[in-house]
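Working notes for the structure below.
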Amino acid sequence: MRITVSGLPGSGTTTVSKLLAEYYELELISSGEIFRRIAREKEMSLAEFGAMAEKDPSIDLAIDKNQREVIHSHEKLILESRLAGHMAKEVPNVLKIWIKAPLPVRVKRILRREKSVSFDEELERTVEREKSEALRYMNYYNIDIDDLSIYDIVIDSEKWNQYQILDILKVAIDSLVGPE
């Protein structure tokens, strides 16, 4: 079973991916975690590292190449990243999930996780980060991140908590592959 989980910052992709990976005993690879780790190692904020990635395509291209290799080579995997669904487009039998939430909800969640600035500052950072990423995705791959048509499931994490989302996704997954 191969599953991709994508969404904008603060939408809950990492949380839901971890729950799915635990429930189905799947390996979880999170490109967002990799990106954040590299930013920390370079002692840069996500916005600074994103700006650097805008100027140096090799950063995104290396991470994305790795995603394509991973989704092709693993049978039991959850790949969590903004572009995971796009990276798996040509791989058969991959369930592609997009998790969405309104910007203010996502900013509040990011603040709970990072606790570094005010709401307005984080709102500005998040909008800047999303613009940076959208520009890079369009420039590198001609991907419009707002086009959700490639996803099998789009779910709103403002309406349901992570456990309710897990329950919804279990019904969808089990109907496709049968219960594990």
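Any Cβ shown, glycine's included, is placed from N, Cα and C.
The model shown is predicted, which means the values in this text are computed figures rather than measured ones.
Swiss-Prot lists GLY7, LEU8, PRO9, GLY10, SER11, GLY12, THR13, THR14, THR15 with the feature ATP binding site, giving sequence analysis as the kind of evidence. Sequence-distant contacts of PRO9 (ATP binding site), defined by Cβ-Cβ distance under 8 angstroms and a gap of at least six in the same chain, are GLY32, ARG106, ILE110, THR126, ARG129, GLU130.
Annotation note: SER11 (ATP binding site) sits in a coil segment as assigned by DSSP. Residue environment of THR13 (ATP binding site) contains 25 other Cβ atoms, counted within 10 Å of its Cβ in all protein chains. Ranking the binding-site residues SER11, THR15 by other CB atoms within 10 A of the CB puts THR15 at the bottom.
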